[in-house]
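Per Swiss-Prot, the feature Mn(2+) 1 binding site maps to Asp70, Gly71; the stated evidence is similarity to another entry. Annotation comment: Swiss-Prot describes Asp70, Asp246, Asp285 as Mn(2+) 2 binding site. As annotated by Swiss-Prot, domain 'PPM-type phosphatase' applies to 45-294, with the evidence given as sequence analysis.
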Amino acid sequence: MAMTAAAVTVPLGVLLRREVTSERMERPDVLCGEAARSRKGEDFTLLLAEAGERVAGDPSTSFSVFALFDGHNGSGAAMYAKKNLLNNLLRAIPSGLSRDEWLAVLPRALVAAFVKTDKDFQAVAETSGTTVTFVVIDEWVVTVASVGDSRCILESADGSLYHLSADHRFDSNQDEVQRVTACGSKVGKLNLVGGPEVGPLRCWPGGLCLSRSIGDMDVGECIIPVPHVKQVKLSNAGGRIIIASDGVWDDLTFEMALECSRGFPSDIAANRIVNEAIHPRGLRDDTTCIVVDILPPEKLAPSPPTKRQGKIVFNNMFRRKHTDVSFILDREYAEPDEVEEIFDDGSAMLSKRLAAGYALQSMFEPFSCAVCQVQLKAGQGISVHSNPLQHEKLQGWQGPFLCQSCNEKKDAIEGKRPPRDS
């Protein structure tokens with residue numbers, strides 16, 4: 001009779017410790033480091049280890065925010081987004097939510113905050129624009145919203161690589177090329193008179209090589225501020241997040257950035273990544289990097305590697321050396337280090353993005369604009385749905401609702417109006 005693989009018997013002590021850990025999972029330590037080399041002065045960062053509290057006055061509900069803004073055609077949009085985006089996010093989240101509810105509405109609130117920030121900045125009538133990569137860390141849950149090409153990656157404690165942001169460069173995203181051309185704009189390289197096409201793919205009018213950003217009011221309305229949002233949950237082994245501008249990613253692959261910084265504390269790691277990026281060809285662009293380590297509580301900071309490289313060194317970042325029997329047993333029968341995907345949506349349809357999670361939010365804020373949060377009288381708002389009569393399950397509310405100006409913004413984002421310069 002053929003023998004099957006025997007099931008692994010896990011000691012009772014290990015099982016009991018797992019049960020206790022799952023019931024009382026401690027908050028991680030969040031450590032961050034930043035490095036930047038400036039050429040144009042258009043990169044800005046936001047580093048807030050304690051950005052706010054889900055429950056006012058309760059420090060145990062604090063969350064962290066780390067963001068990178070890579071401006072272009074001036075620094076105005078990047079500075080404005082840095083100053084206003086977090087406040088717009090907090091206004092879009094109802095009060096009185098449990099932690100699970102807060103995390104559930106966070107992706108929708110991020111979309112609203114990005115769109116409001118863009119709408120308000122364009123009212124200033126300045127033509128600069130900016131990428132945004134905005135990271136919210138609540139205990140072991142990481143939520144990333146991004147427009148542009150300031151990429152964000154995660155390396156888990158076992159060395160697995162996860163992409164937490166999208167790349168909205170036309171050269172890298174055929175779906176965005178199709179979306180923009182369907183809206184009536186053209187995508188192509190710079191065409192020199194009498195010569196070949198040169199450079200990256202760009203959107204015309206405007207010549208921007210990104211399909212999503214905040215600002216950029218001088219280009220067609222097909223360049224939108226609706227972010228890609230991804231939410232994941234780390235295991236209690238932790239992980240390392242790297243956020244960097246294209247000054248880094250134009251010269252380093254994700255693996256190269258991880259390799260040159262692995263095993264070092266976050267501040268040293270960020271410096272090593274920036275130096276590695278500018279070493280081959282010198283400083284050609286603003287080059288900025290943020291490194292965030294999410295560590296099991298009370299774990300020692302990593303030491304620089306000597307001869308050892310690779311995943312073993314990275315794993316040492318998250319574990320102290322132990323000699324007691326219980327630790328040896330825990331390591332021998334350790335559960336797999338997994339990163340759980342909770343949410344992932346990069347749709348450009350603002351109505352779809354705002355409707356996600358609305359049933360929960362409508363319990364708290366049924367009559368406010370889903371973008372700017374202005375209070376609406378009953379029957380005053382405009383439903384995001386193209387045909388509200390098809391949505392009887394919303395029991396007459398037919399929400400979410402928008403004010404008149406935000407509804408015009410939605411129509412522009414969804415290509416229901418021609419580009420400004422057409």
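Heads up, residue numbers simply count up from 1 along the chain you see.
Keep in mind that glycine also has a Cβ here, set from the backbone N, Cα and C atoms.
Overlay of Swiss-Prot annotations on the structure.
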residue: Asp70; record: Mn(2+) 1 binding site; Cβ contacts under 8 Å, 6 or more apart: Glu42, Asp43, Ala78, Thr130, Thr131, Gly148, Asp149, Ser150, Ser245, Asp246, Gly247, Asp286, Thr288
residue: Gly71; record: Mn(2+) 1 binding site; Cβ contacts under 8 Å, 6 or more apart: Glu42, Asp43, Phe44, Ala77, Ala78, Met79, Ser128, Gly129, Thr130, Thr131
residue: Asp285; record: Mn(2+) 2 binding site; Cβ contacts under 8 Å, 6 or more apart: Arg39, Lys40, Ser245, Asp246, Gly247, Asp250
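In the predicted structure, the domain 'PPM-type phosphatase' (45-294) carries a mean pLDDT of 94. Counting every protein chain shown, the number of other Cβ atoms lying within 10 Å of the Cβ of Asp246 (Mn(2+) 2 binding site) is 24. Surrounding the centroid of the Cβ atoms of Asp70, Asp246, Asp285, where the record places Mn(2+) 2, the chain contributes additional residues within 8 Å, namely Asp43, Thr131, Asp149, Ser150, Ser245, Gly247, Val248, Asp250, Asp286, Thr287, Thr288.
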